[in-house]
Each structure stands twice: as C-alpha cells, then as structure tokens.
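Dropping the structure in here first, questions after.
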Amino acid sequence: MTDSVFPGPALTQAVQLRGPVVEVSDPKTVNTQYGESDLCEVTLRPDRGAGVPTTVTLWGKWTETADVLEPGMELAVYDPDERQYQGETQYSVGSDATVVVEPDFLVDVTDVRAWVQCPRMYYLRKLDGADLAYPLVKGTVVHEVFGDLLRGRDVEAAIDDQIEAAGLDIGLLGREADEVAGDVRDHAKAIEGWLQQGTLTDEDSAATAADSSERDFSPAESDWRSEMTLISERYGMKGRADAVRRGMPVELKTGKNTKREPRFQDKIQATAYALMLGERAANSLDASAVMAGDGGTTTPIEAAPDTGTLLYTKNAAVDRSEESGDLSPAKEFSIGSGLLNYVIRTRNAIAAMEHDTGVPTGYEANTKCEYCFEQDTCMAVSGRLDQESKAGQVGVAIPEAERDYFERFYTAIEAERRAVHREYAKLWEQTAEERAADDRALVDLEPVGRTELDSGRWELRARGTGAVSKIREGDLVMASDGDPVTGDAELARVERIGEARSASEDANGETVSSGEEIVVTADEPLDLRRLDIYPSELTTDRLQNALHDALLTQPPEQKDVLFGRRDPEFETVAETFIDNNEAQNEAVQLAVGAEDFALVHGPPGTGKTYTLARMVRALVDRGDRVLLSAFTNRAVDNAIEALEEQGFTDIVRVGTESGVREDMQNYRLEQSGDPGECAATLQNAQVVAATTATCGGTAMQSQSFDVAVVDEAGQLTEPGTLAATTLADRFALVGDHQQLPPVVQSEDATLSTSLFQRLIETHPDAGVMLDRQYRMAQHIQAFASREFYDGQLRPATGEVAGQRIDDLPGVSMDALPEHLRDRVSFVDPGGTQTGNTNPVEADAVAEVVAAYREAGVPAADVGVIAPFRAQVAELDRRLPDVAVDTVDRFQGSSKEVIVVSFVATETLEGPIFEDYRRINVAMTRAKKALVLVGDADALGTDEVYGRLVEWAES
DNA sequence: TCTCTGCTTAGAGGA
C-alpha cells in the first residue's frame, strides 16, 4: 500500500524518451536470429521537442502502434533497449519496453473495453449515451450494493437505500421498487456467497467455519478497497475499479456468462485496472528500494497483479435446469505481460484516433457485426451520416449541409474534450503550489478527523488555510494525502468549505475561530491533505448527445428552419399580454404565435426575465407543456423567481441540491424515493425548469414538451441550445448576443457563436428587440446604446433617465468630491500593471468607493468590476464589504454605483480586452453612477476604448 | 498568465 511516508513525485524513472513524432517509416519484415520479425522505425524529437531527432525501432506487435502514428503526435518510450552503433545511440522497443501515444490524453478504461468489442461501438457511445434502460439501472444499483457489502453493511438495508436512491430512473422505466428489489437480491446473494467463501479460504482457522452461518463476513479493511479511482500518468489512462482485493482487480458484471472463461472485453477492463495498479505498486516498491539504498528497477508491468477476478452475479440467478455450462459467478484469470501490452496498444489506437478526430469504421478490429446488439444503431448512424462502416448503411443520408454541420460541431466538441484532458494532465504536470496558485487545488490541509457514516461512506475533515480556489460545495473533487496521482487518493464530494462552526478560546481567553473547516465524503478513508478539481467530460458528452439527437433523430421539417431551407412561420396573435411596453408585448405575441421559433433580444435592464415569465404563462394558458431552460443554475432560478412574482408556481425544477438556490429547493424534483411518485411528479409538471446540461441527461431525455423557452441564450453554444430545444416542438430564445458569449476552452470559433446570434442574424424578422431599459440613467446607457445597439436602447421613463445618486435616501451630492458628481466619471490614477494586478489603481478604486460611502451610499449599493481575478483579489482586500468581481461574473446583476478597474497600463494587450462585449457588460451594471478607473493612454490605443474615455470625460 | 459554468463520478448491460 502506498503510504504518506514516501513523499514527493513518482520515483520510477518513467519517461526515457518523449516528444513529438517527426517521421514514421514503412513497416518491414526482417530475419533475425529468432526468425522473421516485423519492425518499424519512428523518429521523434525527445525532451518534448527540444532534443535532437532520435530514431526508435519498434519491433513485433508494437508495429501496430506504429501503424496508427502520425507525425506531430506526442510519443513516450519507456525502458527501450539502448545500443551504441557507430558513435550513435540507437533505441529499440521489444518485449520489455513500452510505447505510449499522446500520453496526456487520458483514455477511459470503459472506452478501451468498448474499442475491444468494436472500435465503432466506442464512437457510437460518444454520440448517443443518454438512454434509460432497465439492465443499466439495475446494474448500477447492484454495483452500489456491492460497494455497501464490502463496507460491511447489512444487505437488506443496502438494497432498500440504493433502490430509493435510483427512484426516479426506476419510476421512469415504469418499474416498482419491490420488483427491482427482488432482482437485485438475487445478485446480492451471489456477492454475499462469494465474499463468504473468500473469507473462509483466507482464514485457515477452524473457528471461522463454526461462525460461517453468521452474517459477519465483513471483509478485512486491509484486504479490500471498493470503487478505486485510478489515474495513470505513464499510460495516459483513467478509470474506476469496482474493487481491489489484495492489490488485484475485481470487476462485477451483472450480466450472465455461462462460459468457463470471462468475456474478453471484461478481462481487458480488469487488466487495464491491473496495469494502473502495477504502476502504483512499482512507485511504492521503488520508493522502498530507495529508502533501503537499492536502486529502483521494478517496472509497472512486473509489479502488476497476476490475477484478475470477474464476478458474474447473474449466473447465480439463472435457472439451473435450463442452463448448462459454468454457473459459478466468480471467474479468475491470469494477467500476463501479453494482456497488459494489449491494453496499452488498444489505448494507443484510441489516443491516435482522437488526435485528429478520426471516425472509426469497425474494420480496425476483427469484430463480427452479426452478433452485435448495436448493429442497427451502427448501420443507421452510418447511413444517416454516410460514413463507411463494417456493418454497412441503412436509410437515407441527411442533406450534405447537415452532414457538414455535424462534422464541424463534432470536431469542435472533441477539441473541447481535449481541453478537458489537458486539465487532467495538469494534475501531475503542475506542482501542488502551482495548482494552488491556479486556484485548482486546496493544499496544505491539516487532517482533523474522520467518521464512518451509516452508509459505510466516510466523512473526512480537515482544516484549511483559507486560500481561494474554484472548488465549491457540492463539487466532485480528488481528495488525497498530498499527491492525487501516486498517493492515497479518492473521489470525494465537498460537503462544506467555510469558517469553522465551532470556535475555541485561546490562552488569553479570547475567542478564536479554529480556521477554515473543510468536510468531504468519500468511499474510503484517507488523510485529507489536499483537494484537486477533478475535470469532467460530462458537458462534452452531453453536447455530443444533443448534436446527435438534433440531427439524426429530429424530423426533417423541424430541422428545415435551422438550416435555412425554410423561413420560420408565425400565427398572428392579437391578444395583449403586457400593456405598458410595446416591445415586451410583441415579444410574448411572437413566442405564442411561433410555429418554429421566436427570438427575443433583451439588452441590459430591459425586463427580459419578466417578459420571459409572462411568455411562459401565456403558453401554459394555451395548454402547452413548457420547458424552461438556461445555461446557468442562477439564470434558471431567476426565471422561476420571475414566474413566482407573477403568481405562477406550478413548476418542477430538475437539478442537483447544490446547484439549486436555497429558496427554490421547494420546487426541486427529489430524484430518490418512491419510483412511481418521483416519475409522476416529473411527468405531470406543466412547466419543467432545468439547465441545458441537465436537459441532456437521462431524466430529461425521457420528457417531451410543446415549447422550450431558453434564457441567456447568448451564452450558449449551438449544441448546448439544442440540448433543450430538441426536447420540444417549438422554441423561444431570449438573450443578448452583445453581452458575453459562451465559455469554451478550445480556440475553435465554431462553439463561441451562439445559436441565438446565428438565428437573429439570419432571421431578423423572427426576433423582437426589447428597447426600453429600466436600469440606467440616460447618460450611463448612452455609450452602450450607441456602440452596441445602434442607438435604439433608451430609458423606459423620464424617471429612469433622470435618476441621480442623491435620489438615494441620505445621500448628499455636496458630500461627494467634485470629480465624482457626474453620472459618469473617469479617474486616471497613473499606476503600473504588474502581472494582472495594478495596486496603485486598486488604491484609487478604494478611495472612490470610500468617497461614495462617506456621501451616504450604503456598501450594498456599490459594485466593483475588474477584468482579471488577480485584480479582483487585490480589490477585495481593500474593500471587504463591497461586491467585487470579474466582468464575467457580474453579468446578470446591477448596482446603484459601479466602479470599473481596467488594470492595463501602456498597452491593452491580452485577449481579455479584445472582446468589446465585455465593456458593454461592465458599463451596463450601473444605475445612477459609473466610475471608470484606468490609464487613459493605454485605453486610447484602442478605438473603442478611446471613445469610451472620451465619453466618460465629457 | 484571460475570462469560467455546467454536471452526482463513471459505469451500468444486452447475444
């Protein structure tokens, strides 16, 4: 077992050669002293491209990996044979060496498994993965029960709890809890029987046999670990083993297998875990050797466990009179270097395919399509997209424009996936300090306690340093003893981060807080010393799903308008919904009368959310079932709040407990509980509200709607929007493409234009712009109106236009310094940008805020905005009781007084300043006073920022 | 050196 007595990074001399491939020779066959052998020469630039091009000869089966290599791919070569020849060092990769393609791309073990079944199955899984199916739900419940049994829980209690936890899914499948419990019990019996047997053979004392009738067979803690998350830096792989027993992988399968041997793909899955367990074992063996003064020489392959176990629990439940064959649930198999290397080569094939976003045909492996249960789907997808596939094609291809669209977005989403993978690689590429500085980790935690919960899970507590990070309550994180890759590490859920609830007294009798308290829950106990963000591919998976559903399952008529083959149609609606704002009323009429879609362009402060709520009510009055969606939880909750204010409360909110705002929890659908009740609550709801990411999940995929109403649609990628709109016959998008665009990690521009923007540009007639704003004084809105809204944005009333800071109770204009008395002012404090901060400017901002405070403006009415998080932190220190945040995070809210800190001096370099929409957002948060603080010369280097300064000074 | 929210995780099975 790896222990915290071995600090520092992995000690295995892992990478011997690593860098981009320059050239790959054609494979050839040569005669050697051992007979005929294949070889292929690969030239790479070691030291990650910095070294002299070096040729490595790949022998035998490694030529399969050479086959998929292309120049430009990153290659790692471990433990190659080294030989001097004519003054040159030559490397060769035979049986003892390993080659890994694109090691930073973490291939999932389940993807390796799917690829082994059929490379095309691997591809199909990415496109279409949100189906609800009983065997899957049951399988999940059995796995959870298995984990509970390993943690020593009572079987009946575990079954009841886990079925309750899966309540909604079971209900949506139309099953009863009792029926599922019966099914699960059969599997649980098989697990119990096997565990009992294991205990008996392990403990050779006669006394154990006498006790065997009792329930107490709880596995000894040192023998077992359940649900072990493994990440491999060396092989570029990640996955989660069901259980590890004495260092050996155990995989639970709830299907049936009456063959003597385990299924090949099951063996491959367990072998992949064995490979990663070997890596961990080698690291700790080498560490021991170093401590003992020996050199570390064990390779991970040598250190890998030699046996894997597959537990086919359904075997115990089948009717023995009708089945022949081997019905024992547990099947062991031996793991040798051949199988381990096979896993690595398969993993390489996947990584190579991902490098240039290729699409597998099925010919890559020797699979037989006639036995495949994905055959129909495979042929249909191949036919619709006109792809080459071993199974062949059925059906008519979608139009070429749609195929191009699919290709373009598929590629862009996969680029996002690679960006997520780069985040994984940072787990080991960055030191703990670098990760902490990047806000991606909380380090130097001091473990203060652990408690085993009734569920068998563990609550782990630590004292934090109070450092900031992106980690928030409810997040799934990697909890570790200090090293998330080679140390003791577990996936954990953050339950609490914050000031310790209990305070104590110090020596002088003063009450002191005991620091920041961090509480997480995990399956296994560990010393909680560090938390890391655990990147998730969930969003990319759901975007792929949405793309697939929108293009391959929607009827052509519905897609026509998206591809410009037809103009959107409207029925004329004469009813008046809002009588004091023409544009708002027109927006509701448009949405109600839309036969395809309607677009509502809502600039800042124009009552966009109010209009949206009115629209939802009007649709409901017509008998429509409405989906209410937005990218962020905050926007969804705001929309519900607006509905509530209009007296409408027949809403079901789908989302996680931590995502949904406290005061909206009463609308939240409880996903655990009685299956029938859970499902009925969702199915009977007239209005269902959820984020677009949740719309892509299994629960929402089972629902259909008449209309989807999507708020903040300017912040959504096209596939993100489609996740909501494909669930409905028609849709209405509400947003503002002149405010911030979707957040995407990759540089690809495809995803950064919203569907809202594309449609409003191609179909201006299908949209209404709300042109009267209720937020800003006339002068404050002038710049935004001119620059971003063609001068069409105007104050809704004279009162809005003429508002002044001294309208606030107790605020006197005379108390303000003269340069701050205008509604818009500019201050040039003459500081210097250092990194992403400007301390002098921060001081000036603090002075401005202090001036407003002294004039009587309450702290709650002041907001401070800066482009960089570093400057936000700088300002936060000076202004503890004022809201300070980045532009991006301020979108959606407003304050009476807004102070903007631009940070930049001399030049305006940096991508943050390139998107002018960011200024629009920053300027339009202010109601009565706006103060711009920055370097006039730097701002003057850009035309738009220059006009901004001119306007502020005038 | 740029901004950053989603999501129960990942994996659950069928001839």
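Heads up, the Cβ atoms here are built off N, Cα and C, so glycines get one too.
The domain 'DNA replication factor Dna2 N-terminal' annotation in TrEMBL covers A:54-244. TrEMBL lists A:581-671, A:681-747 with the feature domain 'DNA2/NAM7 helicase helicase'. Annotated domain 'DNA2/NAM7 helicase-like C-terminal' per TrEMBL: A:751-936, in sequence order.
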Out of A:581-671, A:681-747, A:751-936, which stretch has the largest tally of CB pairs under 8 angstroms to the domain 'DNA replication factor Dna2 N-terminal' (A:54-244)?
A:681-747
So, by DSSP, how many helix, strand and coil residues make up the domain 'DNA2/NAM7 helicase helicase' (A:581-671)?
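Counting residues per DSSP class in the domain 'DNA2/NAM7 helicase helicase' (A:581-671), I get 45 helix, 15 strand, 31 coil.
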For the domain 'DNA2/NAM7 helicase helicase' (A:681-747), what is the mean per-residue pLDDT, to the nearest integer?
93
According to DSSP, how is the domain 'DNA2/NAM7 helicase helicase' (A:681-747) divided among helix, strand and coil residues?
22 helix, 20 strand, 25 coil
